[in-house]
């Protein structure tokens, strides 16, 4: 095969793959399986409960020394992921609108930016939560580290990037 034939084959197969993915997403959306459901609250709810329980158990074995960073780390996933999803489910309004009106390249682009926004937002919350627990452990231990600020910077950058990706998805 010549070089041009390989490139043409790759681009043609990629286009068919994109069309198949769009068809699958449209079917999921039509059957309401791809929409936000009460089941989607379970993983983040369990994560929030785990972070809360971890902080409480760690506090029991810390000989009476507590840290606000450790005690309130559960509020990050609760307020930044769980509550917005819960409000969306209760009101029927979606903050992260994933409608697939068209199966063309614009729809694929919107799907990409929406997925990217979800990923970055959840990653930012995870980094901030882990950073808060890390800072709490260091405070309870009575020392300080050099990496606490990295968690804060990376977490905020991921949240801001996720917000920008969400705006780009709405714009498309």
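Yeah, the Cβs are placed from backbone N, Cα and C, and that goes for glycine too.
TrEMBL does not curate its annotations; it predicts them automatically.
According to TrEMBL, the features are:
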- 41-61: transmembrane segment (TRANSMEM)
- 67-90: transmembrane segment (TRANSMEM)
- 111-134: transmembrane segment (TRANSMEM)
- 149-169: transmembrane segment (TRANSMEM)
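Most Cβ pairs under 8 Å with the transmembrane segment (149-169) belong to 111-134, among the candidate stretches 41-61, 67-90, 111-134. When Cβ-Cβ distances below 8 Å are used as the criterion, the transmembrane segment (111-134) is approached by residues 22, 25, 51, 54-55, 69-70, 72-74, 76-77, 80-81, 96-98, 100, 145, 147-148, 150-152, 154-163, 165-166, 168-169, 172 of the same chain, each at least six residues removed from its ends. Same-chain residues lying 6+ beyond the ends of the transmembrane segment (67-90) with a Cβ under 8 Å from its Cβ atoms: 36-38, 40-41, 44-45, 47-49, 51-52, 55, 58-59, 96, 121-122, 125-126, 128-129, 132-133, 135-137, 139-140, 159.
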